[in-house]
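Visitor: Residues or ranges marked as ATP binding site in Swiss-Prot (evidence: sequence analysis): Ala10, Tyr11, Ser12, Gly13, Gly14, Leu15, Asp16, Thr17, Ser18, Ala37, Gly120. Per Swiss-Prot, the feature L-citrulline binding site maps to Tyr90, Ser95, Asn126, Arg130, Ser181, Ser190, Glu266, Tyr278; the stated evidence is sequence analysis. According to Swiss-Prot, the L-aspartate binding site annotation covers Thr122, Asn126, Asp127, on the basis of sequence analysis.
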Amino acid sequence: MSAPKKVVLAYSGGLDTSIILKWLQTEYGCEVVTFTADLGQGEELEPARKKAELLGIKPENIFIEDIREEFVRDFVFPMFRANAVYEGLYLLGTSIARPLISKRLVEIAEATGADAVSHGATGKGNDQVRFELSAYALNPDIKVIAPWREWDLTSRTKLLEFAEANQIPIAKDKRGEAPFSVDANLLHTSSEGKVLEDPAEMAPDYVYQRTVNPEDAPNEPEFIEITFEKGDAVAINGEAMSPATILTKLNEYGRKHGIGRLDFVENRFVGMKSRGIYEAPGGDILLEAHRGIEQITLDSGAGHLKDSIMPRYAELIYNGFWYSPEREMLQALIDESQKHVTGTVRVKLYKGSAKTVGRWSEHSLYSEAHVTFEEDAGAYDQKDAQGFIQLNALRLKLLAARNRRVK
């Protein structure tokens, strides 16, 4: 690969990407364009601009964009229509953000005449795969620079030494130490590294940044109502809101009640196991509510088929294949299933849990007349069950007879 002349860097303003910025300038001698995305991580982003300028980036080469609405509307909500969770637990908060960041990197590269993009993902993790598969899916000719796979800064200690030698400020956590490896957006916050690398050690409470300890949450439950239209949340307690505003509001409820904490050892796409602390307060509430409205609006056959493809759909997102044809095919099926997923769900929030306690819809398939234990006025003839059972039992009876005959 020929040396790039201009590179667009996914830049957070944090330690790793600031070091990468400096490294690109010195190692490649190239012009650097920075892209900083506001995905709802809750940080003031202007310091990233000032830090980039301090490191020699021209003002016209600094891109800071609020893409929260696009993130939730076009990435988070489609994923939640699928009830997607990786390995039964993880809400894919980091995974789902990477395709959008890659999309903007490629678009900015094309707009500024850059011939390469760069990211701060390590050579051990999943993010390198997600960034690069997404970039190549959108522009097959783009060059990608992954410093962690090239440089000799092979540990966090060497990284800190490089930062000190180049006068790059090093952030500290609230205990005065170098912070955990943290990723955050509107959907979640993840923390990895340091004491968390020992899966036997209980995560200290100070690791959790987004939620109160459930034991310290209010002693009284709170009830909220979430309204859905075609599988997407559109209102809370009757108040219509934009996608990003809905997730922001649900995060506030979840934070208050200690909802959405996960201590998880996952199987990375690259082959190793990794332990992380995840917090998705609004995501947990949204998933519970979406499942609640599907319970009365989704046909059983459609629902069971949808459940069967969910693990594959979640795996595709986790592994970085958002822009793959198979993900898009599954998305079309999932979206078709959501045509009647419209209605309202009441959710109880209490000390770390979000539980559906009521649901109603004009599109409901629930028939009280059929299911009642009381007189059903002829809605259902219980004698019909006899033939249903006999037909479904036929193959089992034939198998039993064969097994009795042939030992």
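Including glycine, each Cβ sits where the backbone N, Cα and C put it.
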Visitor: Taking the Cα atoms as reference points, how far is Gly120 (ATP binding site) from Tyr90 (L-citrulline binding site) in Å?
Guide: 22
Visitor: For the C-alpha pair, I'd like the distance in angstrom between Thr122 (L-aspartate binding site) and Ser181 (L-citrulline binding site), rounded off.
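Guide: Rounded to the nearest whole number, the Cα-Cα distance is 11 Å.
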Visitor: Just how many other Cβ atoms lie inside 10 Å of the Cβ on Asp127 (L-aspartate binding site)?
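Guide: Asp127 (L-aspartate binding site) is surrounded by 23 other Cβ atoms within 10 Å.
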Visitor: Excluding Thr122, Asn126, Asp127, please set out which residues of the same chain place their CB within 8 Å of the center of the CB atoms of the L-aspartate site, keeping sequence order.
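Guide: Result: Ala121, Lys124, Gly125, Gln128, Val129, Arg130, Arg268, Val270.
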Visitor: Are there any residues at least 6 positions away along the chain from Ala10 (ATP binding site) with a Cβ closer than 8 Å to its Cβ? List them or say none.
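Guide: When sequence neighbours closer than 6 are ignored, Ala10 (ATP binding site) has Thr17, Phe35, Ala37, Ile101, Leu105, Val117, Ser118, His119, Gly120, Phe131 within Cβ distance under 8 Å.
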Visitor: Rounded to a whole angstrom, what is the C-alpha distance between Asn126 (L-citrulline binding site) and Asp16 (ATP binding site)?
Guide: 16
Visitor: Within 10 Å of the Cβ of Ser190 (L-citrulline binding site), how many other Cβ atoms are there?
Guide: 20
Visitor: Within 10 Å of each Cβ, count the other Cβ atoms and name the one among the binding-site residues Ser95, Asn126 with the highest count.
Guide: Ser95
Visitor: Enumerate same-chain residues with a sequence separation of six or more from Ser12 (ATP binding site) and a Cβ-Cβ distance below 8 A; give 'none' if the list is empty.
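Guide: Listed in sequence order: Thr36, Ala48, Gly120.
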Visitor: Rounded to an integer, what is the Cα-Cα distance in Å between Glu266 (L-citrulline binding site) and Asp127 (L-aspartate binding site)?
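Guide: Per the Cα atoms, Glu266 (L-citrulline binding site) and Asp127 (L-aspartate binding site) stand 14 Å apart.
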Visitor: Please report the Cα separation of Arg130 (L-citrulline binding site) and Asp16 (ATP binding site) in Å, rounded to an integer.
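Guide: Pair distance, Cα basis, whole Å: 18 Å.
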